[in-house]
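Have a look at the structure below before the remarks.
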Amino acid sequence: MGLLRRGPFVTSSPFTLPYFCSVLVVSVLYVGLVTCELTLDFTRPEYNATVPENSVGKTYVTPTEKMGIFISDPSLLVRYKIVSGDPGKMFKAESRTVGDFCFLSLRTRTEEQAVLNREYQDYYAISVRAMVTSLYRRSVKLKAHTTVHVRILDTNDLNPFFDNLDYRTTVPEDYPLHKNVLRVTATDPDVGVNGDIYYSLREPSLQFAIHPTRGFITLTRPLDYQKESLHKFTVVAEDRGPKFRVAGSMAFLSTATVQIKVTPVNLHAPEIQVRQLPSILEHSDPDIYAIVRVTDADKGIHGEIDGLGIIKGDAEGYFRVSPGKKANEFEIGVADPSRDLAAGSYALVLQATDRGTPPKTTSKTVHLKVSEASHPIPKFSQSDYDVEIEEVAPIGYPLVRLVATVDKGKNPLLYTIEIGNDEGMFAVDQRTGVLRTSKVLDRERRAYYSLTVSAVDSGRRGGPHLRKGTAIINIRVLDNNDNDPVFNTSSMIVVFDENRSQSSIVCTVHATDADAGDNGYVTYSLANFHPVPFNIDHFTGEISTTEVLDYETMRREYILRVRASDWGSPYRRQAEMTVHVQLRDINDHRPLFERVDCVGQVLDSVPLDTPIVTLSALDFDAGSTVRYLMVPADDDPCFRLNEEKGVLKVACDLSKQTKTNWILNVSATDSQHFADVMTVNLNIVSKMTGRNKDGIAVDCRKLDVTDRYMELLRLGNNQNKAIEGKEDVVPKRYGDNRHSPEFLSTIPREVWINESASIGSEVVAMRARDRDHGYSGLVVYVINYNNEGDDCFKVDLYTGRLLVDAELDRERTSKYVLNVTAFDLGKPQRSTSMQLIVNVRDINDNPPTFEKSSYHFVIPENVENGTSVIRLRATDIDEGENARLTFTLEGPAWDRFHVDKDSGLLTVVGSLDREITENYALRVWARDASVDRPLMSSTVIYIRLEDVNDNPPLFGLTQFWVKVREDLPIGTVIMVMSARDPDTGDGGRVAYEMLEGGTFSVDPLTGVVRLSRALDFEQKQLYNVTIIARDQGDPPLSSVAYLLVEVEDVNENLHPPKFPDVVASGSVRENKPEGTLVMQVAAVDADPPGIDSTITYSIRDGDGVGIFSIDDQVGGFLSQAQTDHVIAINFEEDAINILDSNFWILMEKIVARKNRGTKVKSKFHNSQCIRISLKDYLERYEHTIPIN
């Protein structure tokens, strides 16, 4: 047979080495002469053998086959000795010769220190030397070697031990079921089942479970901090190997303590309880709509309420949640009383949050109905209005229509100006909110106004909780050209020197205009009808000359009419002032002598002071005084010139003078300019010739100076004549307001308009004309606001177009009587009025209206078909076909609900199931019968189904199957039987019950199935357990599931059969009949009485197979033929997991010789011992128990 090496062991193929095996070799001899042939080698160069650890002294190892040497000569002696591989002196080699074979046996020594410990050393490779000597020949010394591979078998001599003897952890109170809390770990150095550990709880517990092999501790019942905050229990670790216990001891158990601390957590979410207040009536406090109380079943901080808020249904922020008067009480009210809150139904989703860690929340929908009467706060369409109005607008002209909404018109709003109307310039219609002028506006006096207008619910005007909305109206008065320019003076006098150069500035005039923009931009012009030598700068008002002015020949005074004009439209306004320009004469002429070059004779006898000649000089300047003088002044002492009158007189006695001819130089001056010097040539004579009796005769040459001076005077007189008639008179037709406006005769007295007319639509043009000119003929229009019912219209200020200013509603007002007035802008202002009737045509503009926008009902889910839910009612204020209504149901609930199209009755028509659909939102439409323009509206009916216990608990499967080992510890969780009940309340609370309990138990709360009694595969291999799940409803419903538990066998056959020796020998005489009892063999099994210790005997191998037989029960060895053989006897247990042993028997046959009767022993050479396998049929299963 070939050798097969496996690890450190050598086995003979195809067999394997059993764990427990003993060999007994019996040598049977018979009488005869046999020659033995000496062999000096071991049967194998290597052997495999086993021995249990902790074996006592002289315990023999169990080889897989016989070890030793065949000897051919009985005189040979064989001794075995261990030469290596056993440094600790654990083993001793012994020899034993049986027949022709010397057996090698290894045994443990008897010394105290020779104790085998597999955990220290589990394998020995022992080298054995065989020394062969001869009794007769000393020279024979032979040696042989072999190696014995000894494997140390584990004997479960060590206990499991925990890594930690005290396990502690903390878990929250809401720790999930069947989740690992912690893991305990223990180790066992033993191998195989000796090292496999089972975990269990020493104290029975429904709260926790432990995985039998992995050590995970799981939660099997919900924790309750209030009931028990600290859980203590003991975990037991026990290996699965054979236990050689002392009675009553726990030598093979190990324990650890587990402490699990429970921390309080937020187990319960807050609960919201709503107490809605009834519909709020007139004059009641509208702030509170509902009172909400929030509770939490948790203790401590986890049960404290952190707050309540609105998370949905109030996108506009109309509502608020505020603390109530009691702890954990809240009030739902209006957030801002000044804001508008439309009447109707609101579905507010409230969310309450506690202060737990982590915080828990609960949501609940609260349906609030804001009734018409409970709406307290009007709201304007704008918080600020910016309006403009022209200052020429007549009294009563509308500025803006203020719109505030509240109560859908059930209670009219009253509008009032609160602030900013101290001067009473404006008035607001209390009913319509139209803001009008009440006095004539003047932008130049005040251009801006800011008014605060309030709107108050007329139904609450006298109540204790007055609510009003306010709006700011910013009014800007637009400028009109209603102011004339104004000069800083009405007239002025300017003295201007003559002869100044052209374009010389005479003066500057200035005028202002209180209007703004172009209306206040002023330019200047001269308004004289007759030409004047002046010009004015149109923009600066500077007046300048257009030519050189001459005092003597031109007008000496000018009256200038200066006109200031604005740039306003449609007409310009102007003003005039008078500028008196007076020319001032300047000395611009020198004196001129009328006569020059005088020649004369003077008697020398003329007396002193006798006038000789009178000189005359003219000065063209007005008012100038001429003085005369001689040049030089003291030229001659005999003559004297009178400087004022120009008379030349004799100043000396001429008779005494020797000089007879005098030439005198004479000039004239106006104190600034001098006349040309003229000469007077006088001859002194003693006797006159001619008829001159005075003794003086003088002749001068006459010039045209006098004529020129006279012409100058004439021109001056002509230019300064008074201008006849009135100059620059403006025609009266441009200033007087003589005519009143007149409406055109083509304007109708009555008109028709559809009530659907859009705002801004033109109704009719109310045109009026005025025969005056300018602003006196400019017409503006206004509707007399004192007329009732005219606030839906307005008239354009300048064009007179009558426009729709508000939505028309024929159902409210079908006819309007308007009083339209036309004003001119003259002074004094004139007006005329005209009455106009406006009729409103009806259209189908009103949709149907339900009594409520939503309805809420709760009905049981098992309600019968045909049950009425509600009869819906809707109205339409239109008439005829427009008011005839039909009802239809919208949505996918047609198969469960039905609404009658004529009566509006909503009924149940299909089966309802809360577990499928709990809430329904049914939208029902009401539609009028209008052909051209049908209108519709809807309401929503919210239906919540009330739960009925109509569902039994349901297991996931009707039959469960699990495999478990028979040696599992008591208390092990083998299955979780969970059932689900979709009902709510007690109808959804499930309790579990087990029929035919005892071996197993079920937790009535969680459905956890535990092992309650030890299993025994040999007694029962299959259990069929019935589990009942029953809810707590009325009546209770239940369901059944079956749990099949298959028990897996675990090897409990711990000990193999043992023989008294490893080899035996026997003999039988020849010629003995078949069936002769040769010998009796017996084996002993240390297992407890029973199947595991029952032994069966059989012949397995050897050259005696077929020659001998053995009784399988008692071990009796019988002969079957007359031959000599070696056979192998096998002993087996009757257990399921079979352990067996074998030994060898050498059987000798004794032959009797006829002549002598001596015994001859026959010898057998090379007898074989077959290897018998120990087969352990234990199949190992590991079934994972669904604990986690």
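Keep in mind that glycine also has a Cβ here, set from the backbone N, Cα and C atoms.
According to TrEMBL, the protein carries these features:
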- 12-33: transmembrane segment (TRANSMEM)
- 43-162: domain 'Cadherin' (DOMAIN)
- 163-272: domain 'Cadherin' (DOMAIN)
- 288-380: domain 'Cadherin' (DOMAIN)
- 381-487: domain 'Cadherin' (DOMAIN)
- 488-593: domain 'Cadherin' (DOMAIN)
- 601-698: domain 'Cadherin' (DOMAIN)
- 745-850: domain 'Cadherin' (DOMAIN)
- 851-955: domain 'Cadherin' (DOMAIN)
- 962-1059: domain 'Cadherin' (DOMAIN)
- 1060-1188: domain 'Cadherin' (DOMAIN)
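Taking every recorded stretch in 43-162, 288-380, 381-487, 488-593, 962-1059 and counting its Cβ pairs under 8 Å to the domain 'Cadherin' (745-850), the highest total belongs to 381-487.
By the Cβ criterion (distance under 8 Å, sequence gap of 6 or more), the domain 'Cadherin' (163-272) is counted as touching the domain 'Cadherin' (962-1059), at least 3 such pairs being found. When each of 288-380, 488-593, 601-698 is checked for Cβ pairs under 8 Å to the domain 'Cadherin' (851-955), 288-380 comes out on top. Sorting the domain 'Cadherin' (288-380) by DSSP state (H, G, I as helix; E, B as strand; all else coil) yields 4 helix, 50 strand, 39 coil. According to DSSP, the domain 'Cadherin' (745-850) comprises 4 helix, 46 strand, 56 coil.
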